[in-house]
Amino acid sequence: MSNQHALLMFNLLPVGSNISTWWNFGSMLLTCLMLQTITGFFLALHYTANINLAFSSVIHITRDVPYGWIMQNLHAISASLFFVCIYIHIARGLYYGLYLNKEVWLSGTALLITLMATAFFGYVLPWGQMSFWAATVITNLLTAIPYLGTTLTTWLWGGFSINDPTITRFFALHFILPFIIISLSSIHIILLHNEGSNNPLGTNSDIDKIPFHPYHSYKDMLMATTMITLLFLILSFAPNLLNDPENFSKANPLVTPQHIKPEWYFLFAYGILRSIPNKLGGTLALIMSVMILTTMPFTHTSHTRSMMFRPLSQILFWTLIATFITITWTASKPVEPPFITISQTTSIIYFFFFITTPLLGWAENKMMMMNN
């Protein structure tokens with residue numbers, strides 16, 4: 001009887017003994033989701049989805065509701081930590097070749113898209129100046145769709161401009177989407193446990209498995225505690241660290257901010273959108289910046305699953321990480337030289353990773369065969 005079968009017999013979840021800290025971000029994401037759902041529920045009790053009252057209701061929550069400022073800041077800061085964790089989680093998947101478990105990877109990509117939609121709708125709700133203008137710019141991209149664009153935009157807005165029906169439906173969507181995220185997360189976890197977790201070596205773990213509890217459960221608890229400590233440190237000492245100063249002013253359709261930008265976690269996609277001077281081209285590039293992740297399971301050519309023993313692929317991977325950070329930085333700057341050139345160059349390098357990875361896989365296979 002194998003180690004795995006013995007563990008399953010006693011109802012102990014068998015997990016590879018050598019999975020590293022990078023495998024802890026899934027449980028940290030679950031912690032973030034729980035925090036977001038609880039704080040979001042209490043905020044929804046006091047929030048008013050009306051263009052004349054939304055901004056005032058957020059001020060009322062932070063000033064008058066007991067512990068309202070904690071709920072509001074926890075909700076905003078843990079949204080940022082949610083995206084930090086999910087980007088690390090995706091990067092881990094790319095590095096260790098976890099995308100070869102197709103069902104898990106594709107359900108994870110669907111989760112990412114749903115999460116991004118939820119965060120976008122939530123950013124609009126406080127009805128600050130940047131909320132309003134970010135919503136105007138992003139929803140306006142729908143008009144780039146041939147034939148259907150204008151109809152879709154009018155349908156989403158609930159009129160011919162962003163108005164009261166828009167904020168009502170955005171609130172409804174922001175409320176319902178987390179429950180869809182919970183459902184998708186359950187599917188994601190079920191699909192993962194269908195095959196089991198991979199490990200840093202990219203080899204089969206069946207011969208060397210240990211019970212999830214206590215070994216990995218305590219490791220998960222340690223990382224979740226570290227994240228919550230960081231969350232409360234930001235909450236206590238710099239609660240507005242990740243907020244945009246423009247959002248402290250009420251939305252005014254007659255005054256355009258000097259530089260319209262979404263929250264930091266969307267800046268990489270916004271930077272790619274902004275680097276293309278054509279509306280339809282920019283919109284397609286924005287969609288592809290996330291959707292290109294779905295191509296990874298189908299373009300893997302290397303005989304080795306993980307990048308751990310592939311130095312050339314490692315260089316390419318860390319170039320992608322540096323590119324991601326650079327696009328985020330340039331997108332937070334005004335549209336002027338040298339930021340335009342940097343943004344366009346880094347956008348090309350970003351997509352270059354997904355095109356070059358399969359070619360490099362073939363090259364590495366040839367090199368391995370030559371060495372043998």
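Glycine residues also receive a Cβ, built from the backbone N, Cα and C atoms like all the rest.
If you look up Swiss-Prot, you'll see 25-45 (among others) marked as transmembrane segment, on the strength of similarity to another entry. Remote same-chain partners of the transmembrane segment (25-45), defined as residues 6 or more beyond its termini with a Cβ less than 8 Å from a stretch Cβ, comprise 61, 71-72, 74-75, 78-79, 81-82, 85-86, 88-89, 92, 175, 178, 181-182, 185, 220, 223-224, 227-228, 231.
Within its own chain, the transmembrane segment (69-90) is flanked in space by residues 22, 25-26, 28-29, 32-33, 35-36, 39-40, 42-43, 58, 61-63, 108, 112, 115, 119, 122, 227, 230-231, 234-235, 239, 241-243, 263-265, 293, 324, which lie at least six positions past its ends and keep a Cβ under 8 Å from the stretch. Annotation source Swiss-Prot lists transmembrane segment at 69-90 (among others).
Residues annotated as heme b b562 binding site in Swiss-Prot: His75, His174. Neighbour count (other Cβ atoms within 10 Å of the Cβ, all protein chains): 22 for His174 (heme b b562 binding site). Mapped onto three states, the DSSP output places His174 (heme b b562 binding site) in helix.
The annotation heme b b566 binding site is assigned in Swiss-Prot to His89, His188. In the three-state DSSP classification, His89 (heme b b566 binding site) falls within a helix.
As annotated by Swiss-Prot, transmembrane segment applies to 105-125 (among others).
According to Swiss-Prot, the transmembrane segment annotation covers 170-190 (among others), on the basis of similarity to another entry. Tertiary neighbourhood of the transmembrane segment (170-190): same-chain residues 29-30, 33, 36-37, 40, 44, 47, 49, 104, 107-108, 110-111, 114-115, 117-118, 121-122, 124-125, 135, selected by CB-CB distance under 8 Å and a gap of 6+ residues from either end.
For the recorded site, His193 (ubiquinone binding site), the DSSP three-state label reads helix. Among the features that Swiss-Prot reports, ubiquinone binding site is placed at His193, with the record citing similarity to another entry.
The annotation transmembrane segment is assigned in Swiss-Prot to 218-238 (among others). Listed by sequence, the residues of this chain that lie at least six past the ends of the transmembrane segment (218-238) yet keep a Cβ under 8 A from its Cβ atoms are 21, 24-25, 27-28, 31-32, 35, 70, 73-74, 77-78, 81, 85.
The transmembrane segment feature in Swiss-Prot is assigned to 280-300 (among others); the stated evidence is similarity to another entry.
According to Swiss-Prot, the feature transmembrane segment maps to 312-332 (among others), an assignment based on similarity to another entry. Outside the transmembrane segment (312-332), and at least 6 residues removed from its termini, the chain residues within Cβ reach (under 8 Å) are 87, 91, 94-95, 261, 264, 267-268, 270-272, 274, 302, 339, 342-343, 346-347, 349-350, 353, 356-357, 360-361, 363-364.
Marked as transmembrane segment by Swiss-Prot on the basis of similarity to another entry: 339-358 (among others).
Listed as Cβ neighbours of the transmembrane segment (339-358) (distance under 8 Å, sequence separation of 6 or more from its ends, same chain) are residues 268, 271-272, 274-276, 285, 288-289, 292, 295-296, 299-301, 313, 316-317, 319-320, 323-324, 326-327, 330-331, 333. Through the fold, the transmembrane segment (280-300) approaches residues 90, 94, 97, 99-100, 102, 105-106, 109, 112-113, 116, 141, 144-146, 268-270, 272-274, 347, 350-351, 354, 357-358, 361 of its own chain, all at least 6 residues removed from its boundaries and within a Cβ separation under 8 Å. Across the structure, His75 (heme b b562 binding site) and His193 (ubiquinone binding site) are spaced 30 Å apart at their Cα atoms.
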